[in-house]
């Protein structure tokens, strides 16, 4: 029997990928600052390359952080602890070039008094966005995590790849790695099977490719992927170049913010272009993208749509979003206009309102910097809450 089908592919990378090292370092520095100064302004950029890391950006804070120490501890946690891995947390150089936040930006954000948990309505209204921009959030009912299956499985496989290395199940693996999953969708637009899985993993020099292929299937793919999604036609490409010994920052330079599609929905939904890592929550690139996911997930969980994409947009120095747009891809039970009306009423999408609503001044960001910011099953994140489901149902009068 033949049927119309489509294929969709997403990718993820391990915590040892150069760009993800940079993201984790930037967010580790952010967390360390927020522990003592939740009102800090942080825009921290990291560059990693052979033998060194460069930390740059703008930071305004009342606390002191030993940045080289944070950098070294983060890279050690990832697993780059020996020179033979091409990157050693203890012997690498750490350079810093940090400035304060521009006063021109600060005057647009800081109209309110210093942030407090009991921030008043007047203070919320007086706190403008830190930049202009547009942000997207998305949710779908095709998985229990309300994430598209290709990116969900890519993250699960990438995380498992790191776990078997750290637990020494496969002690010849090294920290760098990438995963790609192609899912076949049927006429009902639901996942039917996995068409292709690609795994590229850094490894010790003395391991044969046949051994790597066997071990990755046995210890990474089969324990992670539902066997019902695999069949005789599923294709596996494991280290398809045949060799992946040189990796990490020795193989490629890494930069904060270069894995924005990995961080979000794997290309399944649109992206506003701004990255997350290294940014404190006054930056709407981060906080509004989290809020948009929060809105979209609650709409889908409420049964008001099978898919939902939310766009928010802001002007620098202005508190209210300049636009809220919702697209349910013809799966909505009510009009998109009614959903927008309900969202405006029940979600505070002003920058300070988002921070208060999602409690974003906490040092929670390092854990988001690898394996995705959304749909996580291993950590609890405030924008993944489903506490607005009944509120939304009541707002649009759906029982």
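Placement of Cβ uses the backbone N, Cα and C atoms for every residue, glycine included.
Per Swiss-Prot, ATP binding site is recorded for 17, 176, 177, 178, 243, 244, 252, 258, 259, 279. Residues annotated as Mg(2+) binding site in Swiss-Prot, with sequence analysis given as evidence: 19. What Swiss-Prot lists as K(+) binding site is 45. As annotated by Swiss-Prot, L-methionine binding site applies to 58, 101, 252, 283, with the evidence given as sequence analysis. Swiss-Prot lists 101-111 with the feature region 'Flexible loop', giving sequence analysis as the kind of evidence.
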What's the CA to CA span in angstrom from residue 58 (L-methionine binding site) over to residue 243 (ATP binding site)?
40
PLDDT averaged over every residue in the region 'Flexible loop' (101-111):
56
Report the member of 19, 252 (the binding-site residues) whose C-beta atom has the most other C-beta atoms within 10 angstroms.
19
Pairwise over 17, 176, 177, 178, 243, 244, 252, 258, 259, 279, annotated as binding ATP, what's the top Cα to Cα distance to the nearest Å?
36
Same-chain residues six or more away whose CB lies under 8 A from the CB of residue 177 (ATP binding site)?
13, 14, 16, 17, 158, 161, 162, 199, 200, 201, 202, 247
Name the one residue among 19, 45, 283 whose Cα is closest in three-dimensional space to that of residue 259 (ATP binding site); these are the binding-site residues.
19
Return the member of 19, 45, 283 nearest to residue 252 (ATP binding site) in space, with distance defined Cα to Cα and candidates limited to these binding-site residues.
19
Could you tell me which three-state DSSP class residue 19 (Mg(2+) binding site) falls into?
helix
Return the single residue from the binding-site residues list (17, 243, 259, 283) that has the minimum number of other CB atoms within 10 Å.
243
When the Cα of residue 45 (K(+) binding site) is compared with the Cα of each of the binding-site residues 19, 243, 283, which one is closest?
19
Separation of alpha carbons, residue 243 (ATP binding site) and the residue listed as 'Mg(2+) binding site' (Å):
21
Based on Cβ atoms within 10 Å, give me the single least packed residue among the binding-site residues 45, 58.
58
